[in-house]
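Sequence annotations record features per position, and here TrEMBL assigns active site, proton donor/acceptor to E133, E231. The domain 'Xylose isomerase-like TIM barrel' annotation in TrEMBL covers 21-243.
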Amino acid sequence: MELSICTDSVFGNSETVAAMRQVKALGINAIEFWSWWDKDIEAINQARQELNMKIVGICTKFISLTDSSERERYLTGLVETIEVAKRLGCSLIISQVGNHLDISTDLQKRSIVKGLRLAKELLEEADITLVIEPLNTKIDHPDYFLWSSDVARDIIFEVASPNVKLLFDFYHQQIMEGDLIRQSSLLIDEIGHFHLAGNPGRNEPESGEIDYQAVIYQLAKLNYQGYIGFEYFPQKDVSETLKRWQAFFATLK
């Protein structure tokens with residue numbers, strides 16, 4: 001289990017390559033970011049190789065899966081994202097599913113499943129995993145369709161591909177569901193990636209009500225071998241925060 005730093009949130013005012021150098025200077029070897037289409041991918045790829053860093057994950061284009069009329073655009077965007085991921089040596093793509101439409105919930109869920117069943121062939125051929133992300137609808141994403149980790153699990157079961165999994169974001173799920181240790185443990189086989197941030201505020205992990213040491217200890221007990229993405233908006237010195245968490249992760253090995 002390793003840290004991955006989301007450069008778009010933690011180093012929001014820095015170019016990605018500059019953020020990569022700051023992360024590497026702290027002894028952390030993995031980053032992720034949101035949008036690739038507004039970044040210099042060649043420069044990022046060169047820095048990745050120079051610094052011997054891992055690009056853990058990138059987002060695909062934010063095109064709706066709930067809207068069946070947008071399905072072809074979603075798949076076209078995914079093809080483009082897969083090509084970028086392959087260039088970056090990145091094996092994880094993060095996908096949102098779109099906003100809630102003025103049609104039945106069941107129709108929207110079926111549209112998501114149909115889109116992901118088409119996507120899974122592309123993902124399996126590229127040996128890339130796509131993770132769908134529930135988001136909170138109380139604070140940050142009021143119109144978003146998918147907030148329930150159980151509904152996300154149901155979608156993943158219907159798609160039935162090892163290349164389509166769940167992104168479990170502790171910040172979002174604390175707002176919507178709570179019961180983080182139990183729920184993440186129950187879903188561990190369907191989870192392909194984790195995100196964290198403090199709640200309330202989405203700031204430093206230790207800043208709010210979530211006991212992340214207890215949460216991460218449980219993931220270690222479950223032998224989770226992937227990355228945990230630090231996707232927070234800093235209010236304090238970034239170096240001090242990340243060094244402290246890096247030291248904690250070292251105790252788990």
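Cβ atoms here come from the backbone N, Cα and C positions, even for glycine.
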Averaged pLDDT, computed only over the residues in the domain 'Xylose isomerase-like TIM barrel' (21-243): 99
For E231 (active site, proton donor/acceptor), just give me the three-state DSSP call. coil
